[in-house]
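Taken from TrEMBL as is:
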- 23-288: domain 'NADH:quinone oxidoreductase/Mrp antiporter transmembrane' (DOMAIN)
- 290-343: domain 'NADH dehydrogenase subunit 2 C-terminal' (DOMAIN)
- 5-21: transmembrane segment (TRANSMEM)
- 56-76: transmembrane segment (TRANSMEM)
- 96-115: transmembrane segment (TRANSMEM)
- 152-171: transmembrane segment (TRANSMEM)
- 178-196: transmembrane segment (TRANSMEM)
- 202-219: transmembrane segment (TRANSMEM)
- 240-261: transmembrane segment (TRANSMEM)
- 281-304: transmembrane segment (TRANSMEM)
- 325-345: transmembrane segment (TRANSMEM)
Amino acid sequence: MNPQANLIFIASLLLGTTITISSNHWIMAWTGLEINTLAILPLISKSHHPRAIEAATKYFLTQAAASALVLFSSMTNAWHTGQWDITQLTHPTSCLILTSAVAMKLGLVPFHFWFPEVLQGSPLTTGLILSTAMKLPPMTLLYMTSSSLNPTLLTILAILSAALGGWMGLNQTQIRKILAFSSISHLGWMAIILIYNPKLTLLNFYLYAVMTTTVFLTLNTTKVLKLSTLLTAWTKAPSLNTMLLLTLLSLAGLPPLTGFLPKWLIIQELTKQDMAPAATLISLLSLLSLFFYLRLAYCTTITLPPHTTNHMKQWRTNKPTSTAIAILTTVSVMLLPASPMILTIV
């Protein structure tokens, strides 16, 4: 893609995100979401592969439907209350419509079907933007309207997302699809705590974004797209692969690593809110996603493929690891001891 065009699309993404997260009026928030959708479409379809075109079409249709629902929800609320302010969403029907619209934007179950397909059809860098930056504006809308939303509905969506995100990722061999289902199950953790402690939702989102960015950038450096190529990627950058192992375990939420922090705080908060059964259920469901993270980690660190085929190994290059990956990996793995400081900020 032409660098100037690329710059325009990235700038439009930044503009759309900034408009949505800084607006108080529903129409401005909707405008930001639309700018975002239109700016990401060329980045999804830039390879001109039929799969990329299909992904862009699916993305456009779902996002257009979700945007229409956002507009419908805000207009219904304005009709009944005379308020266009985002924080003044009080009408119950509007709240339900908005929840389903944002669930569609984010890829929460049962509106998740588009997300793995779109991620599979996109390049790794675009997949990274879709998994992190594109989820920030809808998360902001949820954060701003959290006091008005229906707790039962959000809890059901959250538990279904954690369950299906884990189950559907079990038999995947394409890494982008595995990361898509991982994203869906993480969204479940964010949604379940949104009503009770919205700041925890944001903390979970930020840490998830950091860890996912690390994984995507590492995979982009080693040019790995499926499990069979991950098996022999160790020869290319052994130290980078070792750090990828730790980042994957952090995404799974294992205790000494950064990813354990949001899960620990969410379980603690749910228990305080007398929601111990929901906390137990979502913790057990996270074991499903732990399985495919462990499978990815096993494929990352295995030093020889388990079958004796004439597979050409990619020998290591002298290209140094980028500073961004080094910093992101450190944050993804070693942030747990700093949790008291993070909690004072939050």
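For all residues, glycine too, the Cβ spot is worked out from N, Cα and C.
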Chain residues outside the transmembrane segment (281-304) and at least six past its termini with a C-beta under 8 angstroms from it: 158-159, 162-163, 165-167, 169-170, 172, 175, 178, 181-182, 185, 188-189, 192, 227, 230-231, 233-234, 241-242, 244-245, 248-249, 251-254, 263, 267, 270
Chain residues outside the transmembrane segment (152-171) and at least six past its termini with a C-beta under 8 angstroms from it: 96, 99, 103, 108-110, 112, 116, 177-178, 181-192, 194-195, 275, 278, 281-282, 285-289, 291-292
Could you check whether the transmembrane segment (178-196) packs against the transmembrane segment (202-219) - three or more CB pairs closer than 8 Å, residues at least 6 apart in sequence? yes
Tertiary contacts of the transmembrane segment (56-76), as residues 6+ beyond its ends and Cβ separation under 8 Å: 26-27, 29-30, 33-34, 37, 40-41, 44-45, 84, 89, 91, 93-95, 97-98, 100-102, 104-105, 111, 114, 117-118, 121, 141
Let me spell it out: take the transmembrane segment (240-261), skip the flanking residues so only those 6+ beyond its ends count, and list any with a Cβ under 8 Å from a Cβ in it. 182, 186, 203, 207-208, 210-212, 214-215, 218-219, 221-222, 233-234, 286, 289-290, 293-294, 296-297, 300-301, 321, 325, 329, 331-336, 339, 342
